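A quick write-up on the structure given underneath.
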Amino acid sequence: MIRRLAQLIPGLLLYGVADAFMIEAALGVDPWTVFAQGLSLQTGLGIGLLTNLIGVLVLLLWWPLRQKPGIGTLLNILLVGPGIELGLWLLPTPEALWVRIAYFTIGLLLLAVASGIYIGADLGPGPRDGLMTGIHLRFGTPIWVGRTAVEVTVLLIGWALGGNVGIGTVVFAALIGPLCSITLPLFAPRAIRRDRGAGTTTPAAPPEEQSTLRA
């Protein structure tokens, strides 16, 4: 447990720092934040409150996907925020466009790595990542397909509601799925195989996809 917590906590903090890189880049926020912004404009509720409510709703979607929350799910809520604040405090705000592009690129890559690290600790993924892996395990859908579909869906809804969309938002939605399909097998293969052994995959899934996490 100690070793897994030692993997989980840095992974969550790194996730927050990755978010900070993309926020400072000011090239567009991620799809879930676009969604929260759009809902905020339509309801008058704060983005922070709506982000929490969205997380609760996403957790409810875990039930039909046979996903179970863990301590990592709770720590996700507690540690990602401080990680963002730490990153914003440490990072100077860039002005040159090429520096902003570099910030965004670093943030996107770090976020994919951080996702693999904290999910690989096998103490429970965050609400949104649990939805991604749950879709993969339940239906045999490749990781990149499931995550990209979810990210694009919430992006379009948020945009229709008035959320802020930039070029970085589009790049994030298009690339986060393929990037996570690379990083997750590096850190989380045992968790995926264990869940499959518990019967969370469909019987029709090909044997090669039942033995390893496939993109």
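FYI, residue positions are counted from 1 along the chain as it appears here.
Quick reminder: no glycine exception, Cβ is built from N, Cα and C everywhere.
Annotated range for transmembrane segment in TrEMBL, selecting from 2-21, 142-161: 142-161. Within its own chain, the transmembrane segment (97-121) is flanked in space by residues 4-5, 7-8, 10-12, 14-15, 17-22, 24-27, 72, 76, 91, 129, 133, 168, 171-172, 175-176, 179-180, 182-184, 186-188, 191, which lie at least six positions past its ends and keep a Cβ under 8 Å from the stretch.
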